[in-house]
Amino acid sequence: MTSHQASQSKPARSAPQRRGSIRGRQGLAGWLFIAPIILILGLFLVIPVLMAAWVSVSDWTGRGSPFSGSVNFVGTENYSTILGGEGLIGRDFGTSIRNNFYYVVLVVPLQTALSLFLAVMVNRQILKGRGFFRTAFYFPSVTSSVAITVLWLFLFSATGVVNKVLSFFAIEGPNWFQDPRGVLHILLGVVGLDQAPDALQDPAFLGISGWEWLAGPSVAMTAFVLMAIFTTSGTFMLLFIAALQNVSGEVQEAAMMDGATGWQRFRRVTLPMLRPTLFTVLTLGLIGTWQVFDQIYTGTQGGPAKTTLTPAYLSFNSAFVDQQWGVGAAIAFVLFAIIVVLTLVQRWALRERDVPRRRRMVPAGVSGGSSAAAAPGIAAPKDEKRDTH
Amino acid sequence: MKTAHPRKRLAVAITAASMLALTACGGSGFDESAEEGGEQTQATDAPVSVLIGSSGDAETEAVNTAVDAWASESGVEASVIVASDLTQQLSQGFASGEPADVFYLSTDAFAGYAANGSLEPYGEDLENKDDYYPALREAFTYEDQLYCAPKDFSTLGLIINTAMWEEAGLTEEDIPTNWDELSAVAEQLTTDDVVGLGFSPEFQRLGVFTAQAGGGLVTDGEATVASPENAEALGYVKQMMTDGVAAYSSDLGAGWGGEAFGKGLAAMVIEGNWIAGAMTNDFPDIAYQVAELPAGPSGQGTLQFTNCWGIAADSDNVEGAKALVEHLTSPESQLAFAEAFGVMPSLQSVASDWSEQYPDLAAFIAGGEYAQNLPAQQGAADVLSELNSQLESLESSEPQQILESVQPLMESVLAG
């Protein structure tokens, strides 16, 4: 036990000397050891990405190698086609960004809140049959997304179970997957605003009018939103449970002794300690929701009236179906840029601000310990900050 | 940051160099296969692979039988691959330089592949090329060259639920021959639970009305989406929908017209000959009858759909592939396919045999005389899907406005 502890704490303490010794044979050995994975990643990740980058600035038609002599460099032509909002593909791209934007805005907060809520619930000692509930909530995540999509199409059909249940409450459910009306448009219609005001009729951004941007997710997309929340909150619940189990009982007890109520303990003690996990969940959520594809491909193929078209599906469709490989690759890179930018924004928003020490309810040591354990693989913002100094 | 140690730099350089080498290998590999193809003209013994998008076991079985028969006759090895996603698998094949030799090719994808040189233009060499329906030949002609042999075709007809027809007091005499009669019978057939006429929410069905009105999306190479004929046709459809005597299958809670018909949600639907198979398999208890579509202001009109047997320019055995296609499009093969999965032969000389054999479906092949093709220029499929997305809300929008918003899109497709 003691030797184990010693070996664990050693690297941190003797880091400066170790860094020096890399000059020796160990450095070469290190490179040798990681060479296989560099080769594999290079072959199956870096090279394809570079090839795709080349395709996105070329006029490759999908026949033979993109590096053959007949393929020309066309600069940013493909990018300006989709970002200029001109022509059909530009408008389709704008529509797909609009659709996906509402999908992300709804899914990410809701699934995070729900998974946190579920995690807190099934983490309580008092709950009987915790194992059962954990399994039950996690189950949708294990099932294939294609199978769930088929199930969803069935549940939300015009005469499906969901509408049957709604009819018990005298609500006439919509024909979910066939209804292209935007939810916000429906709500605006209730207050009598069912036509676009003149100011919102012209193309505003990416070839779509302001009125179209304000459509909100269509009824069909809402069904997908519900599905995403249903399937992913189980996975993220698992992450939160892991993090919650790292919050030591002593901290809770101490807070209790200070007279904190249940809600205060959650808000001021538990939640700050979950920050690294929250970051993980939000990041994974953002990436996953911007890349939504399977559901669209197996479910609606972008319909009804293109309201479930997403950039990922549009990229696939332009490349494989329309033979517009350059445009398809360009869409994929724009999507990549969106994800990177949003992740950075989110990281900035969740950064640990310099709170005066006396206002903190959590000792710094405990918080640091939990972050390392709770978010394996993803560096907590706090740790990052420490490294850069 | 401190400068990297020389050895570290060396290691990075080695890794980078080896990666570049790998790229180079990959690159030249692709090049080779792309250059090799298309130049081979002599018959070889290279095996021929056939990629099909099958509608089911019956079709797979029939194609397998025909291909096996040719293989044992010619001595060239041939195999059939059933694609799970034909478009994607074809694209993958062409991009890698190792495409299937022979494949189903839809009119949607045809122009794109013809333009980028993926297809072998063998159509003009076919012995029976003059026997194909002219409209089918036109569908697979690119820059005045017939590229590939039309495999078979389907047209749209009016499918009538005979039980409901009799219940509404209608007889054989009442089968509609013009628009007025059509809306009249649709009204008579409409009840609380059943709508008179149903169709899938797409131009691939509604287009029959524009054809009957003398319109079309493209006329003599010009975009005519916003023509008064088309507006009149859509206006007529919209009127029937507003009157509650016609509806989209999606609004009825069905995936397509055939399903709405089979479930008894619509008394009549506009569908193609594939409905025969669907009815036999899924709804064997429903009695139905097929009639020719009624005439509009400008006479009879319907739409036709077709595929051809494409041959890859990069095929290792183009001559063998051609011989195989000759065999697959022979009258005997076409009649065998018709029997197996209900398609109509693309050869005019076989049409009368076919009608004799399937008198119940004769209305479909009669439509071949006046059927229109949908526009198939590169990019036209996207314009069609844009049109379809707007047609979904036809009931609440102005037909002319829909058509006018699609007109410039079609113009740009034809221009580019």
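Placement of Cβ uses the backbone N, Cα and C atoms for every residue, glycine included.
TrEMBL lists A:1-11 with the feature compositional bias 'Polar residues'. Positions annotated as region 'Disordered' by TrEMBL: A:1-21, A:361-389. According to TrEMBL, the feature transmembrane segment maps to A:28-55, A:101-123, A:135-155, A:219-244, A:273-293, A:325-350. Residues or ranges marked as domain 'ABC transmembrane type-1' in TrEMBL: A:97-346. According to TrEMBL, the feature compositional bias 'Low complexity' maps to A:362-380.
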Task = Give residue numbers and ranges for long-range contacts of the transmembrane segment (A:101-123): same chain, 6 or more residues beyond its ends, CB-CB under 8 A.
result = 130, 133-134, 137, 216-217, 221-222, 224-225, 228-229, 232-241, 243-245, 266, 270, 274, 278, 281-282, 285-286, 289-290, 292, 310
Inquiry  = How about long-range neighbours of the transmembrane segment (A:219-244): same chain, 6 or more residues beyond its ends, C-beta under 8 Å?
reply    = 99, 102-103, 106-107, 110-112, 114-116, 118-120, 122-123, 134, 137-141, 143, 145, 148-149, 152, 156, 174, 176-181, 183, 186, 270, 273-274, 276-277, 280-281, 284-285, 288-289, 292, 295-296, 299-300, 303-304, 307-308, 370, 374-375
Query = Sequence gap of 6 or more, Cβ distance under 8 Å, 3 or more pairs: do the transmembrane segment (A:273-293) and the transmembrane segment (A:325-350) meet that?
reply = yes
Message = Which residues of the chain, 6 or more past the ends of the transmembrane segment (A:325-350), have a CB below 8 A from one of its CBs?
response = 52-53, 55-62, 66, 74, 77-79, 81-83, 89, 93, 275, 278-279, 282-283, 286-287, 290-291, 311-312, 314-319, 381
